[in-house]
Amino acid sequence: MSFVGGGADCSANSNAIAQFNKHTQQDRSLQRQAANQQGIVQNGQGFKKDSMMNERERQNMDQFMNNGPSQSNFQFQPMRHELNMIQQNHKQPNVQNNWTNEFQTNSPSPVQRNTPLAKTGSPANAQWATEFQQPMDQTFNQSNQQQFNNMPNMRMGGYRPMMGMSMMGGGMHQQQNQMQHQEQNQDHQVDWDNQFKEIEQLTNETKDAEAEQVKGEEEPEIVIDDKYQATFQEVWDSLNSEEVENDFINQQYEEFKNTQRDSMPADMAQWEKDFAKYASTRAHFGDYQFEDNQHNQFLDLPKESDPYEIGLQLMENGAKLSEAALAFEAAIQRNEGHINAWLKLGEVQTQNEKEIAGISALEKCLELHPENSEALMTLAISYINEGYDNAAFATLERWISTKYPQVADQARQQNPAIDDEDRFSLNKRVTELFLNAAQLSPNSANMDPDVQMGLGVLFYANEDFDKTIDCFKAALSIKPDDAVLWNRLGASLANSNRSEEAVDAYFKALELKPTFVRARYNLGVSCINIGCYKEAAEHLLSGLSMHQVEGVQTDASSTLNHNQSTSLTETLKRAFIALDRRDLLEKVKPDMDINQFRGEFSF
């Protein structure tokens, strides 16, 4: 029996149909996977359709089906002829890019070069191949950014190609082609790092060009709302007006020094001359502005009723400070020389967070009674609050000269004239006076709390808050029920970044005097500093509500505007901004209705 052309299964009783059936039932999944195309196996079978056979092929088929075993079970010549025809009709396209030429030279694909199978593919693969064959420069210029951004979890510098597969050609070859490529082309290695570096360099150049183009474009004009323009203009005008005012004050001070230097009486004490010189550095706050008659019900009291006494009773009973202020105003309007009424009016207005009105009243009190120690101490603290340090130091020196004349006279004998206008020198000199006064009563039982108060103010001006706190605590050991001292201690603690302790001091002051508006204002500021914005707003609204007097209606033309507190409203705006409540911020304005906030805040 001959094995030549006999096939793998030869026997005496061999049946060609059975052999053919067995042959066609063999597992050819690898071959089908390698082809994976529709050009050769259009209908998933190995034969052409009858309509596609020529006459010779049909005769061979009939002869094969009708006759017994032939000398050769299979005739592959016609099929080989067809494959050669397909190869001739599908020539490889000319590649126009150097990168792809190098790619084909270094890593030739056996399927592409030796068989026509790789040239026949699905429409998707054919479209991809067409895009691949376009010039690389054109491709990157058009869509390089989009292509690289769409690569998930891949970085150009850290990518290593697997099994020799190009990142750009992952859809062309299947697993069998990759295995053949690895087996037959191990000697050809592609320098992928250089290829990707070139691509990355090209991409970076494109990005730089786009960045330059964007940078060169003109930025769009920013349109600012008219409301913010008006606000900016208002702030700018206020700054300019403040600068003009400061220049005017400095000019007045220079004129005062030139004209008043030789005009002081010869018998005037040196401390009085210094006070006149340094106190003039402050702004002139003008005369006190009284409320309109229609807004002050105490003006209508019968003559036998004393508005001054009523004001004292209101303060003692915990009434609103604004009501007590109206009573003292009525007493002054009855008698403009009422020294105590001016003093109490100044103290009430400073505690009511109306500093300017309080300063005007205290200055009037000192004009009537220059040696009033209570007015001097309160006025010095108000000057510190407003930033007139030299005027405050001169006022404190006047307080020492009034209450402890022996200390001031001894200092004047050692240094008769003071020509240095430096605030630090003035502070040092006045501090030495207060220290000398404190040494007169070293025993804590006989300690003068006002001396400790003055020392605390001097240390406060130098921002030595630790010493300030010690002085105020020493004063509180003598006067533990003084709400004003507790408030000043709280302010010192707050300025030394001890806001929690400051809150406790403010609460103590409010416990002693619930209508103490300045303590409520300071408490609101401390709440803002520790992030309690809603509580801060409630304290500030409570302070503003205490400025209102029952039965008194205010309007924009009322002189009440002269004695309103801007610090309360401005700090309330800060609290609303911190709460991100722009809707409430727009409601904060002079003569606003406080009751509109009661729905959200408790005060």
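Backbone N, Cα and C define each Cβ position, glycine as well.
Feature annotation from Swiss-Prot assigns ubiquitin cross-link to C10 (among others); the stated evidence is similarity to another entry.
Here Swiss-Prot flags K22 (among others) as ubiquitin cross-link.
What Swiss-Prot lists as region 'Amphipathic helix 2 (AH2)' is 58-76.
Taken from Swiss-Prot, the feature motif 'WxxxF/Y motif 1' covers 99-103, and the record attributes it to similarity to another entry.
Confidence over the motif 'WxxxF/Y motif 2' (128-132), given as mean pLDDT on the 0 to 100 scale, stands at 48. Annotated motif 'WxxxF/Y motif 2' per Swiss-Prot: 128-132, in sequence order, evidence recorded as similarity to another entry.
According to Swiss-Prot, the feature motif 'WxxxF/Y motif 3' maps to 192-196.
Per Swiss-Prot, the feature region 'Amphipathic helix 4 (AH4)' maps to 232-248.
Summarising the annotation, Swiss-Prot assigns motif 'WxxxF/Y motif 4' to 271-275.
As a summary of secondary structure, the repeat 'TPR 4' (484-516) carries 26 helix, 0 strand, 7 coil according to DSSP. Look at Swiss-Prot and you will find 484-516 tagged as repeat 'TPR 4'.
Per Swiss-Prot, the feature repeat 'TPR 5' maps to 518-550. Long-range contacts of the repeat 'TPR 5' (518-550) within the same chain, counting only residues at least 6 positions beyond its ends with a Cβ under 8 Å from a Cβ of the stretch, are 295, 320-323, 326, 350-353, 483, 486-487, 490-491, 494, 499-500, 502-503, 506-507, 509-510, 564-565, 567-569, 571-572, 574-576, 578-579, 594, 597, 601-603.
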Summary of DSSP states over the repeat 'TPR 5' (518-550), given as helix, strand and coil counts: 25 helix, 0 strand, 8 coil
